[in-house]
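Under the heading domain 'C2H2-type', TrEMBL lists 41-68, 69-96, 97-120.
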C-alpha cells in the first residue's frame, strides 16, 4: 500500500470531514485550484520575472528611475524601502548586529559574517 496520497485524496477526505460538521467546499473548486499554475509577473522592459508582484514593482523602478523613498537627514533617495532603512543607520548610529565573541557591532549582517572570520 502506498502511503503517499494525492492532493485530490487529501481534499476529498477534508470535504467528507467538513460535510460531517455541516458544510463542505466543492470538490470542483478544489480540483480547479489544484490545476492552477503559480502566477508569474513579467517585466515589460526585460526578461525579469517573479512570482511576487511587489518584487516586480520594485524591479520596474530600475527602469523608470523612480525613487519614492528619501532620507529626512540628507539628499539620499532610493527605490527600495529596505535600502532606506539601511541608509538611516548612518545617521542614527544604530548597529543591530553584534559579534557573539567580542564587543564588535555592525550596521549590516554581512559585516558581522566577515568579522567572524577573525575568530576562527
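Cβ coordinates are placed from backbone N, Cα and C, and glycine is handled just like the others.
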Long-range environment of the domain 'C2H2-type' (41-68) - Cβ separation under 8 angstroms, sequence gap at least 6: 77-80
Tertiary contacts of the domain 'C2H2-type' (97-120), as residues 6+ beyond its ends and Cβ separation under 8 Å: 86, 89-90
For the domain 'C2H2-type' (69-96), the mean pLDDT of the predicted model: 96
